[in-house]
Each structure stands twice: as structure tokens, then as C-alpha cells.
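Per Swiss-Prot, these features apply:
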- A2: N-acetylalanine (MOD_RES)
- 97-168: zinc finger (ZN_FING)
- C112, C115, H133, H136: Zn(2+) 2 binding site (BINDING)
- C127, C151, C163, H166: Zn(2+) 3 binding site (BINDING)
- F148, D150, D153: peptide binding site (BINDING)
- S476: phosphoserine (MOD_RES)
- 1012-1033: region 'Disordered' (REGION)
- 1108-1214: zinc finger (ZN_FING)
- S1694: phosphoserine (MOD_RES)
- Y1697: phosphotyrosine (MOD_RES)
Amino acid sequence: MASEMEPEVQAIDRSLLECSAEEIAGRWLQATDLNREVYQHLAHCVPKIYCRGPNPFPQKEDTLAQHILLGPMEWYICAEDPALGFPKLEQANKPSHLCGRVFKVGEPTYSCRDCAVDPTCVLCMECFLGSIHRDHRYRMTTSGGGGFCDCGDTEAWKEGPYCQKHKLSSSEVVEEEDPLVHLSEDVIARTYNIFAIMFRYAVDILTWEKESELPEDLEVAEKSDTYYCMLFNDEVHTYEQVIYTLQKAVNCTQKEAIGFATTVDRDGRRSVRYGDFQYCDQAKTVIVRNTSRQTKPLKVQVMHSSVAAHQNFGLKALSWLGSVIGYSDGLRRILCQVGLQEGPDGENSSLVDRLMLNDSKLWKGARSVYHQLFMSSLLMDLKYKKLFALRFAKNYRQLQRDFMEDDHERAVSVTALSVQFFTAPTLARMLLTEENLMTVIIKAFMDHLKHRDAQGRFQFERYTALQAFKFRRVQSLILDLKYVLISKPTEWSDELRQKFLQGFDAFLELLKCMQGMDPITRQVGQHIEMEPEWEAAFTLQMKLTHVISMVQDWCALDEKVLIEAYKKCLAVLTQCHGGFTDGEQPITLSICGHSVETIRYCVSQEKVSIHLPISRLLAGLHVLLSKSEVAYKFPELLPLSELSPPMLIEHPLRCLVLCAQVHAGMWRRNGFSLVNQIYYYHNVKCRREMFDKDIVMLQTGVSMMDPNHFLMIMLSRFELYQLFSTPDYGKRFSSEVTHKDVVQQNNTLIEEMLYLIIMLVGERFNPGVGQVAATDEIKREIIHQLSIKPMAHSELVKSLPEDENKETGMESVIESVAHFKKPGLTGRGMYELKPECAKEFNLYFYHFSRAEQSKAEEAQRKLKRENKEDTALPPPALPPFCPLFASLVNILQCDVMLYIMGTILQWAVEHHGSAWSESMLQRVLHLIGMALQEEKHHLENAVEGHVQTFTFTQKISKPGDAPHNSPSILAMLETLQNAPSLEAHKDMIRWLLKMFNAIKKIRECSSSSPVAEAEGTIMEESSRDKDKAERKRKAEIARLRREKIMAQMSEMQRHFIDENKELFQQTLELDTSASATLDSSPPVSDAALTALGPAQTQVPEPRQFVTCILCQEEQEVTVGSRAMVLAAFVQRSTVLSKDRTKTIADPEKYDPLFMHPDLSCGTHTGSCGHVMHAHCWQRYFDSVQAKEQRRQQRLRLHTSYDVENGEFLCPLCECLSNTVIPLLLPPRSILSRRLNFSDQPDLAQWTRAVTQQIKVVQMLRRKHNAADTSSSEDTEAMNIIPIPEGFRPDFYPRNPYSDSIKEMLTTFGTAAYKVGLKVHPNEGDPRVPILCWGTCAYTIQSIERILSDEEKPVFGPLPCRLDDCLRSLTRFAAAHWTVALLPVVQGHFCKLFASLVPSDSYEDLPCILDIDMFHLLVGLVLAFPALQCQDFSGSSLATGDLHIFHLVTMAHIVQILLTSCTEENGMDQENPTGEEELAILSLHKTLHQYTGSALKEAPSGWHLWRSVRAAIMPFLKCSALFFHYLNGVPAPPDLQVSGTSHFEHLCNYLSLPTNLIHLFQENSDIMNSLIESWCQNSEVKRYLNGERGAISYPRGANKLIDLPEDYSSLINQASNFSCPKSGGDKSRAPTLCLVCGSLLCSQSYCCQAELEGEDVGACTAHTYSCGSGAGIFLRVRECQVLFLAGKTKGCFYSPPYLDDYGETDQGLRRGNPLHLCQERFRKIQKLWQQHSITEEIGHAQEANQTLVGIDWQHL
């Protein structure tokens, strides 16, 4: 379709390109009706530029639009070339002091916790780095897009409003200056004309609702029949639904559908079909039909191409206006005037109003363009920002109504702009007074919560997804209210007072609808059938919590406002209570001669609600009366006399009784909804305005009434009145065993009631209740949290309530109460309580949950025991109450309280079974302690001549009256002190008696109080000494008893050993043999340990016994026994790679014989080291497979291992494995038990002999191949080559291994082949042996690299599993040839050998520069026995090993010299003196000669020798490890310690001369010709001529990329990253590969790629190209490390970035500055280098099953 249209498009382009912007502008300047001229031009040109075919060409369209449409407008404004005109305007303009940078999605933003007026005040990175705030306590987050930098806004910052860039110069003063003075009259007029026309054009066309025709002045005569089927975005349908629908409707591929869906999601709309009307309408019908089943259908329009064209240009015009006003503030001012100018239709007819009111009808892309324009124009001009704010506030209710009906998120709604006005203090105040904004917002909120019950309270429907969606929208209004209140007024005008109080009235109306909502009644008999709705009410409460606090803060700032608010709140509360007492029968309660009237009400029978916001608001205001002293200054203005304390306490008391009854198990049948409500009532998010305020309200009530009356009402509400008012109730109950659970219930209720009294008296750390500061309250919270256990900063912050600015106030006080302990490698930094703060611990702290209370008690008692103190936890000394609450303390000494205490102590003394509990007693003791503390405080602060009214000690000393004559409380305490059953409370009772004596002494002789104190102490001391002596005696008895038992046990043990001597003898023998294998240090002299060659140190192989982890049977490892195997994991690896871009095009044809030195991809084998019988493992694996098949039929989930790929978990440690390695004895000692003659050939002789043998082998193979097609000539040619003496090519050695071992050799070989080449298993493939040798070599190289990086010695102590793995792997690789075809292995040897010793048989061998010498060495050494087994000439295998090693070493030295860098070094010596230096120079000269002088001149010999030594070290270390594990020769002690250079020791161990060049000199006869053949290779010449590259040595270590120290640099880098597939769109999930540094767009459809026929995410695809299937990524927006392996495995890992408190911040929720922790990054790097990523993922997925369910392949 496109190709047919191309010529037409081109033709149009040409006709348009002839237009001249200058000419058009000239015509316009002459025109009388500019409006008509411009519209005609647009009508003619726009449809010819935009929407010309099925696919948009944005670049082409924009170029044409600029040239033909926007260019003339720019010429018109400037009346000259805009390239000259605009710079002039820019020059005349005064730069703005506002930054105004609009944030991109994911860009870092910074807020200063010290200076920002509220958390919405943010800086961009550039301004932040140039501001004073970088040294303050700042918070860092990533922007969701939209919003702008507040730098330069003096209202946003308490100090430092400007950064370096936007700073005012000393001469400037901030003043409102008219920006138009910088423009000439003409420019103003022209700009005004063109802005008015273009802004109106854009608004008209974007709000145009007809799909097939244009506005009159834009219509053209001829109209084509070209339409678009335009699909619009909504937030209801998922990506999958849209993709599926499009595939059906417009018959496109999935990939195209994904492209459409991505664009629709990003821009808000996309044409999905282009053609005539009918063709497009057909698609629309299908889309609507397919998406209307469950929800409302997707919005689709069939739109004429010219309408679409004009709308596209409308958006372009708005963007253009935004960019043009950037040249001058004057232009910005003109645009603002145009936008806000009332149109002919009066109210709401300005262009800005029209856009705002049509917001919900516009698509996403259009909205974001005009929002962006508003931000860069109206919000950047302070004068017009105010006018815009007024328009916004006027339309507020309508905008919110539209938003409720809108199906887009708030981020793309115009209502989200509220934050820009409402948080600016002067604007917020102006809107509050002029537009009554507070009332408007609350009324708008109430508009949307229509459902009410009969009492007018909110009633929420069941919380469905739709309900939650709508309710979320409504909550945004609360956020707006919060914004308005966030900055408190510093001065009040009458108008502000009046409007705030009007708002307060509206707020009370809102709270009134919440007072008593969601009432509940106790279920009796059967469980509740349907959980009642509770979430919505609590969500509302949570959202309003800060608003309620802020309203109180506002009230506190002005005395008149506070008094009025208090009156209003009280009036509303009285209204709410009006209906409750009607028709209730009053009842009279009396105890101890006191009586009170109250209503008959049972919490357990009537309705009760946990929502009492009006009562709680009044409690808050009452505290403010005390705190601000208004209550004492203007008592006549307050309605304090009207207060009815019983009314005030009624509802809060019911609420607290409800909690007590729930705890006592009385509401079990009411289900989880009630449990959840109680939880949130106490939770840190809600408690400040719920539970805490209920306590305050009760404290208010108690302080205003007779405490006896209060306690009686309380007993009545707790339903305990009967129990305490009836004598002998306890005795009666204990005798009636049937009522066990009722007794238990009553006990709990008594405990809860006592706890409540403790709280009422003890909780006075609220400024206004007690004489304390706000910081004392926070300190106390922290002390009690840390008395449970040491805590991390984030835990501590979570346990403290936040204010509206997300601040807890913790940082200001934490230093005074806690020490900070820095974190280790994994943990977090911890705060520990300072010892001196422990005395402030209160066991009954009101914010403890039950679990926290018991933990804290245990921790504090343990601490006291450790400090050798008694374990009592007495109540701490408390600050005095404020005068308004002072009478509260009398509750402790009133008659009813003393009666309750006495009764409970009486029960404890008489010990009536279950009618009392220790917990109850503990609380009573605590209350007595509190009363004693209070009296002591009163006495110590007594004023002369002032009568002491608090006389608790006197009252507890008096016995009860007749007829009961009960003992005094004091007497009962003394009795209880000796009760054996109350051991746990003895210390506390002792403390109380001591306290009592001290007070008595103070009262007796107030003049000599110190003496009295001292006497009390002496008494106490003597009793304590007695106690100590008693404890000591008991401890001594226990010690003697322990010793006696131990002696008996050892005697029995000895006796048993004597009886079973033979058994023990055997065990000891086995032990020694086992330890010998473990120790690997047989009795060999250290003098000269040699690992290989004829002089190899002979070590007797100890017997090896191992135990199968599955059947626990022990077995010796022998050649003929059943195979024992290690669980192993084989994986492809690029950890050592120097070129990750290489890929194998066709694995089936690839020849892996020669490994390139860039090690582009190797095969690594790891093992956990656990041993099994091969048959046990097979059985285990079969059962895993069967289980997996059954599981797959049941559930379609992944497991952490992939059975189809042979994976399983080690049965013991659950380590991921995919094969097993057989355990073998050293293969060399088994396979070469042949007589060897003493005189072994030298290198030249050996090379000649091997070359001859190779020729014979090749000849025989050719003969074999040619047998079928033999000709006489061939046969003759073959007979010419004589067979060397002693060589028997027809001999095939017998395989010494048992069938079981042979099977395992094949199993592991096939696994290495399958994984290494990514092919299907085929045990007969000739490449299997190559991959076995390759994985052995690569694994050794990996280990050597790790050891070198960590600067550890090559034979230092290796972890057991690693040691076992390397030993088994090397022995396996050496034995594998026995199960391969002999000719195949011989063929590999011949080819490998030919790469060093040239042969005519092979043409295409790699040059010496393209071979990794260690892989070559391993291949040659391990393939050599296949040739040597047919050699009976007496030449030994050891000799062969040595010659191969020497040959490869020399080749490696030549390789090093050819590729070494030859810069001069400053420390070069003038004349070479050393033997090595002369030798190396001579060798270099030889190379120079053979390369035809292409090799650069040598620097000094010293430099050359030094670089060769350094370069060959990795090869020598790898060789040492290889031969050590191959031949079992222990390592010399020198190689087991670090520090020295091991070069000489390695040479000795490996039978090398320390001067390596001797090798060349000793074998010069053969080496010269070999060197010549190596150097003559054309590739070597190309390299030396600079035509190609080569790897130089030593190869540098691969490390993960360098990360920036400050995390925000990373966020900034990622925010600039555009999704590569979405045309410059910012990526939503930028993810950084830590291996290569690539930034990827993860977790989104746009960047999915196809991998092996499956669609996978960008990260998964990248792991295959970069890490051979394993990857490490950092998800930048989440600050989270992601490990991926294969397509189905992954896990999240702790990131290496920590905040100042040593904690990570995954998800960037806390926003503390993050810095790179090198240790943690090194740990991740080590996991990568050790190939442990897959293992780490396996363990993580086993530990956390939710990880298994994640679709990792889509990341």
C-alpha cells in the first residue's frame, strides 16, 4: 500500500517545499484579516503534511511543519529571520530566577528535610548540586514525570532558595517587574496576534468533537475518502486484552499489535487502520464487540484523515508556543494574557478554562502537551499563576467531578496541578480567603460520598475493585486539603479566621458523618456469616489522620480560633450524643459509700463503633487549651462549665472496653474484620488520632470528675461491677469449677482495666497533658522501642508516627538515647539503647503490643541479671501533670481504687485457684509503685505551709473496717513477700516496701531526710546480703552435683571402650586412612617435589573411603567397584571472556578443538562436593522426574530447577546441579603400569618419534577409509611409510573401569558436551572428549584467576568442595578417553600436535596467536595416552607429559614475545648483565629475524624478562594445579604461603629451568625450525603489520563495571536513557547490566526480543549475548540487583548501595542518600567470578516460593 503512495507523497512534498516562510509572513503582515489568512493557509497545508498514510513519519512531518507552517509565524513575530530575531529577544530578556525545569519520568529529585517548606518542594539534580542543601539532610526520589524544580521560589525554602546558577546578584532585588518593557510595541502586537490565533486554533481543534468534518473555516472543497480507525487508551483494559483484540480486529501480527498497544499506552491514542470509511468502521465494530464483555468497551473512533491531521498539528502548535516563550519572559506574559482572557461567551470561556474543563475528554498525549504548556507559561509567571489559581479554584468542584468519571490516572489529569497552587503559602492563603477553598474542597469531597445510613453516617458498599478505584480518586481531594493546610499561617487576619472557621465547620460536618460509622454488635451463638466492610472507613481515617492533626495545629496558632473551634466541636459532639441516652433507664452504682448514676449500657450486647473522630478532635483541642494556657487566661470565654464528664468519657471508654473484650476472647465470632480494626486502631499509622486521643479524652474526664465515680462507671462498662461490689465473689467463683472460661475472661478484663488505669495515670508525655516538650515524647517512644531489641534506622522510623512532612523527629534526639553500631557485610547498622536510659523503661508503655511487651520485659530482666541487679521493673519517675490535668493523680488514692487493689491482693493472699492471675497482681504492684513515686515526688517538691493532699502511704497502712476487718494493703504486701509461689514478684515487692519506708522516713523527719534515706538503704542492703549468701550456697550445691554426674559419665564411657576394644581398633585404622586422604600430605620429603616427567615424585595413593549421602553406606573408591559420584553443575561462561560479541553460528558444525585466547565462551564445572552412589543418584533423579511430571499436571508453575534439562537439587544441601562427576583414582597410575626403560628420549627425538607414529596412524586411517575404493597406487603409497619399532597400531588397550564407572564417564562427558555447545546430547559425537578437556581447563583457569585477584597462593587452603571438584574433574578428563573411540581421540591429538609441530596433513590450523596455550596443554596431555598406549618402545607417558609441557611453554613464551607491549620503562638498565636478560634478548633477536624484522626492536633485556615472567605466571599456576590434580603430587610448602613471588618454586615443581630460555637453548636444533614455522604464518605477519589484533599477556582480570559513588548519578544517567524501540520515549524500567555496562529497557513489551523461538524481555535476551545465559543487573528505579539464569530463573539480590545508616533502600521508598558500599559490591563480583549466580538463584527460589512464580523471561 505504502509503495503505491510514495510518488504521490513525493509530488506533494515538492509543491509544498516551494513555499517560502518569508513570503508567507510578508503576505500576513500586509493582510487586513490575519485570522482568515492564517486559517486558509492551515486549511490548505496541514492535511498535505500530516496523516498521509497508514504509518506516521514524525521526522518528515515535523520538518515540513516547521518549514511551511511554523516558520512563517516565527518570521511574522520577528519581522525578520527568526534565526536573528529570537536571539535578540533572548538578549534583551532578563533571565528568570526560577528554574522551572519540568521533570522527566524517572529523573532524580531532591528535597531538603531541613529547609523545604513541605516534601513537595524539590530541586533538579543540577540545582541541588549547586545549592547549600547538598550538605543538609536531604531526601532523594525519582520523579513520576510532571512537576518542576522549585529552585528560586522563595516560598518553597526556609533558607537557600537559590542555587549558584539562579542566584540573585547583589544589585538585584526580587520585585515584580513587567516583562513587557523589554519588548517593542510592534513585537508585542504581532506576537499577540499570532499567539491569539494559534492558541485558539489548537484549543478549538483539540476540543472538536465531530469525527468526519472540520470547523467551517478549516474545511476544504475536495475531500478524499480516507479515514483512520483511532484506538484510545484507558486504564481499565490490560495490555494483553488490547493486543488480543487488535490481532482479531485488524488482522496484524502479535509484534505489530504490541507496537500499537505500546503507542496507545504512551500517547493515549493510535490509528490502527487506514482506508475508506467502511473498512475502518468494520475494525471499530470488532474492537467494541471484543472488549465490551466484562467492562465498558475500548474507545474507538473512525476519524477523517484531515481531522486527525489538524489535531496532530494542534499538538505541535502547543509545543511550539511552549518553546517560543522560552526566548523571553515578555512572550510568556503575552501567552498568559491570551490564555486567560475571557471569550465572548463570558464565564469559563477563556482558552485556559476551556482546556481545563475538557481535560477528561482529551486523550493522554494531548493532556500532557497542554499541561506542559501551562507549566512553562502560567506557572512560571507569578502574576498569572495567581489568576490561574483563582480560575482553578473556581472550577474545582467541576474538575473533580470530571476526574471521578475519567478513566485515566491522576498523573495525567489537570487536577494533579493542584499541588502547584495549594502548597504555595501565599496562594493557598489567598484561595482560602477569596475562594473559601477549604470549604470548597471538603464539600467536593462530601459530594462523592453519597451513601449514608439512617443517622446520616457514611456507609460504604462492599470494597470491590471498582469501589476501591473510585474511592482512590476521592482520596485525592484529601491530599489537596492536606496541601492547603501544610504551611501554617504566621499572622491571622479576621478574614482568614472567618474562612478557616467556615472550613472548620465543613470539616466537622465531614467528621460527623464518620462519628459512630460501621457500628458492630457482638455475635453470640454462631460465627458471623459475611465479613462486614471495614477497609474503606479505615482508609478514610488513615488519609484524614494528618489533616486532623494539621487542623489542630492551625487552631493552636491563634487563641480566638482555638476558643471558637473548641465551642463548635463541643456543640457538634453534644448533637451526636443527643440520641444515645434517650429512653435509657439510668442505674445507680455504689461502692465504698460512693454512688453515681449512669446509663445501662453493655458493650457486649449493644452496638459499638471504633470511629469517634469528633470526640477525639475535642480531646486534641482540650490538650491545646492546656498547652497554650488559654484555659487559664480566658476561662470565662470557654464552655468548661457546660462539659459533662460522663458524656465525654462514654464513647472512648466503650471503645477501649471493646478492645479489652476482644483480647479476652469475647468477640471471637465476629471474624477478622474486627481483629483488623483493633489492629489498626493501635497501629502507628492511626493511633495518634484514635487510641492516643481516647486515652486523652478519658484523662480529661477523670480530671474533671470524682475519681470514685469514674472508676465505678468504668467497672460497669468493663462488666466487672458485680464482681467487685459483691463480697466474697472470688471465693464463690473458685469453688464453681464449671465457669472456668468465664473466670478466665473476667481475669483478662480485670487485667485490661488495671492496664487502662496505669495508662491514664502514667501517659503524660503529651505536651499539654504533662509538663513536657515534644522531644521528650519522641525520646520516650525510642527508648521503649529499643528496650525490646536493638533496631535498624528504618525499623525505628517505621515504629514512630510521621507528621504531614513524613518526619518523625527522631534524628534530633536519637544521639541522646542510643549508640549506633555500624553494619558488617550483610546486616544493617543498629541503634542500641544507652544503659543510662534503661531506668526510664515502663513495662506498661501504652504503645507496646502484647508481643512487644513480653519481649521488652524479658530483655530488660535479662539485662538486669547480667548487671547483677535485682530483676524488679519498677515504674519510672514521671513528669508532673499540667494544672488542667493535675487532679488526675487522685485516682490512685481514691477509695474505690484502694478497694480494688485490696480485693486483688486479698485474692492473692488467700490464693483462690483460678480466680486471680499473676498478671493481675503484677499490674496492682505497678499501680502501688506509681502511687508511691507520686507521693515521693509531692513530698520532695512540697511548698512550705502547703497541705499535702496525696497521702497514699497512710491509706495503705490502715486495715479495713468492721465487719470484714480485712488486713491493710501494706500488711498483705509483707505477707506476699514470703509466699513461695510468687518468687517472680519478690524483687518488686521488696522495692515497694523499701519505697514505703523511704517515704515514711521523709514524712517523719522532713528535716533530716537524707539520713532517713540512708537508713532505709542500710536495711535494704542487709536483706540483700542475706539473699546473696543464700544464692551462693545454692549455686555451690548445683556445681558439686554437676561434677559428680560428669565423673559417672566418663567412667561409663571408659568401661564401654574396654569391652569393645576390637571395634575401636578397626575404627582407628579407618580414621587414619581417611585422614590421609583428607590431609593429602603423605610422608614425602619436601626437598624436591616434582609434579611431572620422569623425575616425578612418586606418591603412594592412600585408600579412599567415602559415604553415600543417600543410603549412608561407606565404600572404597577402586577401579572395579560401583561408581561413586559428586553432584555437579556445568554451565557456559563468559566470566573470563575478552570478547563477548562472538557467537557460534551453527553449533552442530562448530569445531571447538582450539580455544581462542580471548576465551570468548568457556564451560565451567562446579560442585557442592556431596558424594552418592551412581545407582542411588539415578534412583533419586528418576523420582524427582516422576514427581515433576505429576506436579506439572497439577500446577503450571516453575520450580527452581528444570528437570527437562537434567537439573536437580543436591539431596543434602539443595544446591542446583545438572549432572554428576565420577570419583576416580589417579588415572595415570592405572593406565601406565608398563615397564619403562631408563634412557628416555630428549625433546627432538621424542618429537620425531611422535611425528612418525602420527603418520602411521593417519596412513592406517586413510587405508581404512580407502579400503572400499582401493586402487593399487594408494596401497603402494601407504606401504612406503615404515612402522616405527615398538609401535603397535593394531593394539587396543583393555578398559580397566567397571561398567558402572564407564557409564558415569559417559554421563558427565555428554553433559559437558550438551551444555558447552548448546546441542542435543549425543555420546558418540567426536567432540565430546574436546569439551571434557575444555571444561577441565576453563574451570582451572577460573580458579587461578580468583586466587590471583585475591592475592592468595596457588596452593593455599582451598574450600573442600572446590578441592574435591578440581580433583574429580581433572581425573575424569584424564580417564574419559577410555570410553571414547580410540581413533577419534588420536585424531584430536594429531591435530592439536600439528598446531605446534607442523604437518602436511592439516591446512586450516589456527596460528600460534589464536590458540589458548593452557587449553592446548590440557588437550595434548589428556589425549596423548590414546597414542602412547600403542607405543611399546619403552618411552614413558611421563616423558611425553614433560615434552608436551615444555613444547607448549615455549610456544607460549613466543606468543608472549610476539604480542608484548614494548614501551620503554623509566627504570630500564643500560647494559643487560643477567643470564636471563641476555638469553631473552637473544631469543627476541631470533624472532626478529624470523618475522622479517616486522617485530619491534626489543627494549632492555631486564624489561623484557620481567614482562615475560609476569605474563607466563597465570599459565604456570594453571599448569601446576592441573598436574597436581592429575598426578597427585602434593604441593611444596613454598607454594602454600602467600607473600613471595612463586616463580622459581613453580618452575621447580613443574620440571622447568628457572631461566625459561634454557628450554630454547637446550633444544635449539628442533626449536629454531619450529619458531620459524610459527613466525612464517600469514596471520602472525598480518598482526605484526598492524592489520589485525591479538590478545596480549597477562590477560587483564575481568571485573564488573565501575559504579558511581553516589546513587543519584546513576538515576540521572538512567533518566536520560530512552527506550531504543519507542522513538525517544523515556524507558520505564531502565536496567543496567553490571557485566558490560549496557542500559536496557526491562519489563516492558516494547523491547522484547525473540530467543530460540520465544519472546523474552530485554534482560533475558542480553544474558544470552553477554553472559551466556547468566546475568547481573541493577534495576535503577528500584535500586535492586537482579540475577538471571536461563529463561526461567531469577532472583532479587541486595544492592551494593547503602544509606548513612547502613541499610539498602530497595524501591527507593525512604529516599535517604545512597552511597556505594565497596565491600558489598565486591561480594557480588565474587559471586559472579565464582560462577555462583545460578546457585544463588536456586537457594533464593527454594527459600522463597514467590520468586518461582515470577515470569523472569519477560524481564
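Cβ atoms here come from the backbone N, Cα and C positions, even for glycine.
On a predicted model such as this, the values are computed, not experimentally measured, just so you know.
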Exercise. Taking the Cβ of H166 (Zn(2+) 3 binding site) as the centre, count every other Cβ atom within 10 Å, in any protein chain shown.
Key: 20
Quiz prompt | D153, H166, S476, S1694 screened against H133 (Zn(2+) 2 binding site), Cα within 10 Å - retained recorded positions | solution = none
Quiz item: Can you tell me the three-state DSSP label for C112 (Zn(2+) 2 binding site)?
Solution: strand
Exercise. Take the Cβ of D153 (peptide binding site) and count every other Cβ within 10 Å, whichever protein chain it belongs to.
Key: 20
Self-check item: Inter-residue C-alpha distance, C151 (Zn(2+) 3 binding site) and C112 (Zn(2+) 2 binding site) (nearest angstrom)
Solution: 12
Practice problem: Sorry to bug you, but what's the C-alpha spacing from the residue listed as 'phosphotyrosine' to H136 (Zn(2+) 2 binding site), rounded to the closest Å? | Solution: 20
Exercise. Have a look at the binding-site residues (C112, C115, C127, C151, C163) and report the one with the fewest Cβ neighbours inside 10 Å.
Key: C115
Quiz item: Nearest to H166 (Zn(2+) 3 binding site) in three-dimensional space, by Cα, is which of the recorded positions C115, S476, Y1697?
Solution: C115
Quiz item: Whole-number Å distance between the CA of Y1697 (phosphotyrosine) and the CA of C112 (Zn(2+) 2 binding site)?
Solution: 20
Self-check item: Listed in sequence order, residues not in F148, D150, D153 with Cβ within 8 Å of the centre of the peptide site Cβ atoms
Solution: L98, C99, G100, C121, V122, C149, C151, G152, A156
Practice problem: Around the Cβ of H133 (Zn(2+) 2 binding site), how many other Cβ atoms lie within 10 Å? Please give the count over every shown protein chain. | Solution: 24
Self-check item: Residues satisfying Cβ distance under 8 Å from D150 (peptide binding site), sequence separation of at least 6
Solution: C99, C121, V122, L123, A156, W157
Self-check item: 8 Å Cβ shell about C127, C151, C163, H166 centroid, Zn(2+) 3 site members excluded
Solution: C99, L123, C124, E126, F128, G130, S131, C149, G152, Y162, Q164, K165, K167
Quiz prompt | recorded positions compared (F148, Y1697) - highest count of Cβ atoms within 10 Å | solution = Y1697
Quiz prompt | Cβ-centroid neighbourhood (8 Å) of the Zn(2+) 2 site, C112, C115, H133, H136 excluded | solution = S111, R113, D114, A116, S131, I132, R137, Y138, W157, E159, G160
Quiz prompt | Chain-internal residues near S1694 (phosphoserine), provided their CB is under 8 angstroms and they sit 6+ positions away | solution = T826, V1681, T1704, Q1706, R1720
Quiz item: Just counting, how many other CB atoms are there within 10 A of the CB of H136 (Zn(2+) 2 binding site)?
Solution: 15
Self-check item: H136 (Zn(2+) 2 binding site) in three-state DSSP notation
Solution: coil
